[in-house]
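*Asks:* The following block contains the structure, expressed as C-alpha cells.
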Amino acid sequence: MAGLKINNVTKHFNDFTALSDVSLDVADGEFVAVLGPSGCGKTTLLRLVAGFEQLDKGEIVIGGKVMSGAGANVPPENRRVGIVFQNYALWPHMTVAENVGYSLKVAKVDRAAREKRVEEALALVNLQGFGERRPANLSGGQRQRVALARCLVAAPSLVLFDEPLANLDVHLRAAMEDEFAAFHKRTGTTIIYITHDQAEAMALADRIAVLDHGRLAQFATPRTLYEEPANEMVASFIAGGMVLPADVLSGARDGSCNVRILGQETVLRCRPDEVARSDAKVCVRADDLDVVESGGIAIRVKRSIYRGGGSRIEAFPVERPDIDLHFDLPDPARLEEGAEARLAIRTGWVIPRAEGAGH
Amino acid sequence: MSNAKRHQGHDAALIAVVAVVVAALSILPMFRLGMEIIAPQGRFSTSALQSALSSSSTWIATWHSLQVGIGGTLLAVLLGTSVALLVSLTDIRLRSAFVLLFVAPLLIAPQVTALAWLQLFGPASPFLKLIGLAPPLGSRNPLYSTEGIILLLGVQYGPLVFLIVRAGLRKLPRELVEAGLSSGAGKWTVLRTIILPLMTPSIIGATALAFVSCVGNFGIPAFLGIPANYLVLPTLIYQRLAGAGPSVLSEVAVLSMLIGIIAMAGILAQDYTARRRDYRIVSTSMPAAPFALGCRRVAVEATMWLLILVMLVLPLLGLLLTALVPAYGVPLNLKTATSGNFKFILFEHGAASRAFANSIGLSLAAAIFAVVLAVPLGYLITWRERWWTKFLNLSAELPYALPGVVLAIASLLLFLKPVPVIGLQIYNTIWIILYAYLARFLVLALRPTITGLHQIDRALEEAAQVAGAGLMRRLRTIIFPLVAPATLAGGVLIFMTAFSELTVSALLWASGSETIGVVIFSFEQGGDSSYAAAISVLVVAITFILMLTTNIFARYLPSGVLPWRD
Ligand SMILES: Nc1ncnc2c1ncn2[C@@H]1O[C@H](COP(=O)(O)OP(=O)(O)O)[C@@H](O)[C@H]1O
Ligand SMILES: [Mg+2]
C-alpha cells in the first residue's frame, strides 16, 4: 500500500498548459476521484502518475519514493502502479489467463504459483473458467473485469482508473460501480479514479479532486463539494448549481450570515471567516428554491420541461433578465412559458472570496 | 533502481543500434556518392563533373529519360485513374478479381514485362504465328522504340497510380457525392466538379511516384532501348560501367546524380502543388454508393476484361509460348513444344541454376532483415516520436525513393576498396548485392509496420509497461505479435520484388553472384529468348503463388497492406 503525493505539478504540451500547479495529497488506502469536464487534464494527470508523461515542474511521490521530479524519473515499468484503461487495453493475441498472468511472468513467478494467482484473480472478478477465452469473445463488462483482474493480480500499491465505465451501458455501470467499491474495500488499495461523471465520483470516492482547465479547483469530500463549493466553477459544475450575485450583510455567526440576493434578504451558510461585503457570489441549487405567493424574487418563466411527476422550470428574475434560474415544480402545479411567479431562496452557500483552491 | 537503469540502458542501446543500421544503409552510401561528385578519387576537382556534363551522350540520355519519363507517366496516370474511377464509382461486378489481375503487372519485374511484350509482338512471336499474323522473320519489332518504352512504362506503373487513386476514392465520403446529386447535378457533372477536384491530391501524388518510377526504370529501356540504341540515363550508366569498368565510376556517379535530381524534381513539384491545394477530407463515413451503369455495364465490363487480356494475359501467354519453343523462329505446335528450355536453365546452365539459389537467398535475407529491423524502427518512428525520428523515417525511405541505379553506384563507390579498419572486401561478391538490397527494400516492410502501428491502440503497450515489462520484452511479446501480420506482408512484398530484381544487381553482379534478373537479361542480350522466357515463366509463377497464398491470410492484415487485395 502506498500514499500518493502530487506536489505543484505543471505540465505543458508545447505552448499549451495542460496542468498548472496541481497538488494532491492522497492518503494510503484512500479512494480519490478526479472529476472535471472533458479536456481539463484528467488523463494527463493520470499519465504523469503512471510515468508515461514527464512533468515540467513539481514532483510525484508514491509510497514515500520520488517517482517524478527534479533529477528522478522512474520508468512506468518500475513504478508498481496498476492501471485500468478506458478501453481496457487487453492484448488480443493472448488468452484471458495470459493477459492476467503477464505481469507475473514478467516478474518470473514460477508457473504453478502463477496459475494459482491468475485463478484467484479471475475468481475475484467472477470470471472463473474464462481463462482460455480470447478477449474478442467477451462482452464489454467481462472485458472490464479482465482488465481489473489483470491489474489486481500484481497487488499494486496504487491503482489508476481512467474513465473505466465510459464505454459501458447504464445497467452495467451500476454493477461495475459496486464491483469497484467491493474491490477497494477488499484490497484497501489506494485508488485514483478518473471520471467526468459526478454521480459516479460521489458514489465511489472518499474525496474528489475537481479539475478545471488544468487547475485544481477543489479537493474535498463529496459532501463538502456539494454543500460548500470553494469557488464559482465548482459551485456551477456540481449538481447544476446556480451562481448568483449577492451582498453579504453581516459577518459569519454560527456558520451562517445574512445575505441580500436580487433584493431578497435571507440567511445562508458560510465560512466562519466570512465578513460583510458587497461583491459576493452565492451558490443555490434547484432544491433550495420555493415558489411562494408573496415576497421573494419576481421571475418570468422561459421554458417548462415536463420531467415525469413534475416539471423543470427555467426562468429569469424580472429585474435581471441576464441571470438564469431553474427549479423543479412538482405536479399538479404548472407554470407555462411567459408566466410570472415569485421565488424564495430557502438556503444556499456563500462562495468564499477568491484565493487558492481547497481548504 | 539498478533495474531501472538496466531498462533505460536497453532503451538507449536499441535506439543506437537502429539508428546506426539505418545510417549505414542510407546516409553512408549517399554521403559517399556526394563525396565522389565533388571530390573524385578523394581529391577536390571538377574534372569528372565537367567530362560527364560536356559529353553529348549525357544530354541525349537525359532528354530520352525525360521523354519516356513524362510519356510513361501520362499514360500510367490516364490508365490508372480511369480504371480507379470505374472500379470505385460504378457497379461493375467481379471487382476484387479484376483488381488482383490489374495490379499484377506491378509485381512482375519490368524486364519480365518487357520480355513478355517483346515475345508477343516480335517477328518470332509464337502467338502471332499461331494465329497467322506474324510479320516476316528479320523485320523489326515495333516495341524497339520510344513509343514502345512509353507504352510498357504506362502498363507497368498504371497499377501504381490505380492503387493510390483508389485509396483516395475510398476515403471520399458519400455525403459529398450525394449532396452534389441532390442539388440536381448529373453523374458526369458530379464526377467533373466534385469527385475529380477532391481527388487531385491523390492524382498528383500518384503522378509524382509514377514519374520517379518511370525515370528510374532500368529493365524496360534496357530490353527495348538498347537494341535500338536509344539510351536513357540508367542504361547509359550500365553501358559505361559494362564497357570500361570501375575507372568511369566518378563519371557515372555524376550521371546517377542527374537521375537523382530529375526524380527529386518530380517529388518536389508534387509537394509544391499538393501544398497549394488543401482538399483534406475530414469525415470518414461510408464510401459513396456506386453509380449504376445500367445497360452499359456489360460493355464497360467487357472493355475492362479486354484490358486485362491485353495487359496481362496475352503477354504472359507470349512468354509461356516462347518458353516452349525449341529454337528461334521454329513454329510452335504440339509436336515441337518442349520442356527442354526449363530443363536447361534449371539443371544444365551453371549460371542460371546458381542465379536461382542466389536470388532466393538474397531475397530471403533481405526480407528477414527488413522484418526484424522494421518493428523496432517503426516503433521508434510512431510511438516514440521525437524530432529525430522523422529523420530516421526519411533516411529509410531514401534508398527506395531514389532510382535503383543511384543506390547501386553509391554501393559500388562505398565498397570498391576494402572496408577500412576491418579490411572486409565485398566488391564483386554477392555481399555487395545483399547490402544494396537491405538498404533498398527495408522501407517496404517499414511502411506497412507503421500503418499497422497507427491502427493499434498505444495503451496495449502501456498496459505491458505498467505490468513491469521492459522495452525488449514489450517488443517481443506485445508489439511484434500485434504488427506481425502487416510486417510479414511487407516481407513477402520484399521477397517478390527482390526475387527478380535487375536494376541494382545489373550493376553489382560478378561471375558467381548472378541474380535471376541478371540471367534473364544476359540470355535476352545473347539472343536466347527462349531461356529468358523460361526463367521468366518460373518467376511469374512463383510471384502468383505467393500473392494467392498471402491472400489467404489477408483478413489478419490492416487494410491497404496487400496492394493486390481490394
Ligand atoms: N500528447 C499531447 N500533446 C498535445 N496536447 C495534448 C496531449 N495530451 C493531451 N493534450 C491536451 O491536453 C488537454 C488535456 O487533455 P486530457 O488530459 O486528455 O483531458 P481529459 O482526460 O480531462 O479529457 C487537452 O486539451 C488535450 O488536447
Ligand atoms: Mg481523458
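The backbone N, Cα and C atoms fix where each Cβ goes, and this holds for glycine too.
Just so you know, TrEMBL annotations are computer predictions that nobody has curated.
So TrEMBL says this about it:
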- B:12-31: transmembrane segment (TRANSMEM)
- B:62-270: domain 'ABC transmembrane type-1' (DOMAIN)
- B:66-87: transmembrane segment (TRANSMEM)
- B:99-120: transmembrane segment (TRANSMEM)
- B:149-169: transmembrane segment (TRANSMEM)
- B:248-269: transmembrane segment (TRANSMEM)
- B:306-328: transmembrane segment (TRANSMEM)
- B:356-550: domain 'ABC transmembrane type-1' (DOMAIN)
- B:360-382: transmembrane segment (TRANSMEM)
- B:394-416: transmembrane segment (TRANSMEM)
- B:422-446: transmembrane segment (TRANSMEM)
- B:478-500: transmembrane segment (TRANSMEM)
- B:530-554: transmembrane segment (TRANSMEM)
*Asks:* Under 8 Å, at least 3 Cβ pairs, sequence separation 6 or more: does that hold for the transmembrane segment (B:360-382) versus the transmembrane segment (B:478-500)?
*Replies:* yes
*Asks:* Restricting to CB pairs under 8 Å, which listed stretch, B:12-31, B:66-87, B:248-269, B:394-416, is in contact most with the transmembrane segment (B:422-446)?
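*Replies:* Counting Cβ pairs under 8 Å, the winner is B:394-416.
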*Asks:* Can at least 3 Cβ pairs under 8 A be found between the transmembrane segment (B:12-31) and the transmembrane segment (B:394-416), with each pair 6 or more apart in sequence?
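*Replies:* In contact, yes.
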*Asks:* Is the transmembrane segment (B:248-269) in contact with the transmembrane segment (B:99-120), using three or more Cβ pairs under 8 angstroms as the rule and ignoring pairs under 6 apart in sequence?
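*Replies:* Stretch pair does not touch.
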